[in-house]
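Below you'll find the structure, written out as structure tokens, and then a few comments.
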Amino acid sequence: MVSIRPDEISSILKQQITDYDQSVSVSNVGTVLQIGDGIARIYGLDQVMAGELLEFEDGTEGIALNLEDDNVGAVLMGEALGVQEGSNVKSTGKIASVPVGEAMKGRVVNPLGQPIDGKGEIPTSDNRLIEEMAPGIIKRRSVHEPMQTGITSIDAMIPVGRGQRELIIGDRQTGKTAIAIDTIINQKGQDVVCVYVAIGQKSASVANVVEVLREKGALDYTVVVSAGASEAAALQYLAPYTGAAIAEHFMYQGKATLVIYDDLTKQAQAYRQMSLLLRRPPGREAYPGDVFYCHSRLLERAAKLSDDMGGGSMTALPIIETQAGDVSAYIPTNVISITDGQIFLSADLFNSGLRPAINVGISVSRVGGAAQTKAIKKIAGTLKLELAQFDELAAFSQFASDLDEATQQQLERGKRLRELLKQAQFSPLNLAEQVAVVYAGVKGLIDEVPVEDVTKFAAELREYLKLNKAEFIEEILKEKKLNEGLETTLTEVIKEVKSSMLATV
């Protein structure tokens with residue numbers, strides 16, 4: 001029989017008393033009452049907060065949205081095949097956050113910040129809450145720097161500034177995404193961090209966008225956030241906020257950022273689906289009453305920060321899809337009222353061969369004018385008015401047989417201006433090229449060039465400047481102004497290119 005040693009027992013007891021941990025861990029646990037359609041009703045989560053992350057038994061995460069007397073309504077961020085009635089749910093005490101930082105550049109992530117591009121984990125320790133308060137009035141300053149899109153018709157007539165929210169709106173297949181991608185490509189070498197958020201899109205479309213960005217060397221400074229059409233509604237709803245959080249990290253470091261939300265119509269539809277399944281009362285077009293707040297709190301996060309805050313900026317280009325050009329529907333009118341202007345793309349113009357198919361008459365930039373460079377502002381002042389008048393005259397002239405000479409001349413110039421503004425996809429132009437092209441049209445220097453040869457003339461003019469007048473391009477890009485000496489040089493170049501071209505026609 002083993003002898004009991006009192007000193008050994010007492011030392012063990014003393015050790016256990018010393019190591020005794022008095023802290024009590026309390027976890028708030030509930031039970032799933034009902035589950036289906038990406039929604040779970042949970043009993044027992046008494047201490048949960050609105051918007052809090054929940055963890056289900058199988059590891060699936062959810063967000064508590066409806067806090068009712070006897071149950072909690074939560075949306076699931078995943079398929080949750082292992083969750084069933086009676087499963088346990090634990091509240092985490094946290095709000096959804098995503099990894100941020102330099103390591104995110106060049107990566108494709110889901111709305112939870114998890115990589116989906118097959119390149120392994122993202123080596124970053126920085127995190128940021130998906131939902132953040134927008135900067136207040138004192139932290140902002142007015143928009144004053146240009147955000148060059150590389151698309152002549154936008155930079156000349158509907159200029160966008162850093163920190164602006166400019167809506168791109170139009171029917172399906174009118175080139176909305178093309179404008180956004182061109183803008184990202186044009187930021188190469190500008191030290192701008194871009195975030196492209198794809199909401200409810202086909203996986204093939206997103207893969208195509210990523211491939212184009214990679215080919216053009218734009219993926220190095222771009223983060224792609226994708227919530228595909230097959231993803232849960234909760235993830236499609238969260239995706240834009242994730243994109244904003246990733247861009248905010250760079251904005252508060254004093255950098256310029258550009259975020260594209262493609263598109264917010266799908267996000268609103270995902271939010272409507274969630275709200276109806278949570279039995280929230282429907283409003284106009286069955287959208288919930290707070291769908292305006294859903295978009296306004298997102299787009300208000302775009303700002304140009306004051307110098308005290310580092311001077312960073314977040315420019316937002318939200319995209320909205322209309323049905324048969326109806327901009328008076330609920331979501332389009334909401335987003336138009338939140339943003340600082342809109343670029344309206346017309347299906348009729350697109351089908352007639354005008355690319356980008358921008359309807360100049362109803363497109364507007366409410367704050368971008370202050371940010372426009374002096375060079376383009378000087379020559380493009382009358383361009384928008386001339387094109388808008390041309391559209392009206394062209395419609396009127398179909399019914400009139402004899403037009404006076406001034407009207408005839410205005411129509412002829414309008415045709416040439418429209419041809420000049422045609423631009424191929426994925427080929428953004430720099431400021432000097434835009435100035436040269438617009439100057440030629442506005443000053444009437446190409447009135448003798450046949451309409452069908454105007455596009456060819458514009459290409460030859462740009463080529464001539466690159467080969468023979470590199471110093472002209474350099475000075476415009478550096479000074480961003482068009483002085484008398486440069487105007488004289490440009491006029492001579494245009495006349496020379498025109499005469500050599502007309503000689504061969």
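A Cβ is built for glycine as well, from the same backbone N, Cα and C atoms used for every other residue.
Taken straight from Swiss-Prot:
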BINDING   GLY170, ASP171, ARG172, GLN173, THR174, GLY175, LYS176, THR177  ATP binding site
SITE      SER363  site 'Required for activity'
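For the recorded site, GLY175 (ATP binding site), the DSSP three-state label reads coil.
Neighbour counts were taken at the CB atom with a 10 A radius for the recorded positions GLN173, THR174, THR177, SER363; the maximum falls on THR174.
Here the binding-site residues are GLY170, GLY175; the one with the fewest Cβ atoms within 10 Å of its Cβ is GLY175. In this view, the densest Cβ surroundings among the binding-site residues ARG172, LYS176 belong to LYS176, judged by other Cβ atoms lying within 10 Å. The Cβ neighbour count for ASP171 (ATP binding site), using a 10 Å radius over every protein chain in view, is 18. The record gives GLY170, ASP171, ARG172, GLN173, THR174, GLY175, LYS176, THR177 for ATP. Within 8 Å of the mean position of their Cβ atoms, the other Cβ atoms in that chain belong to GLU321, LEU345, ALA347, PHE350.
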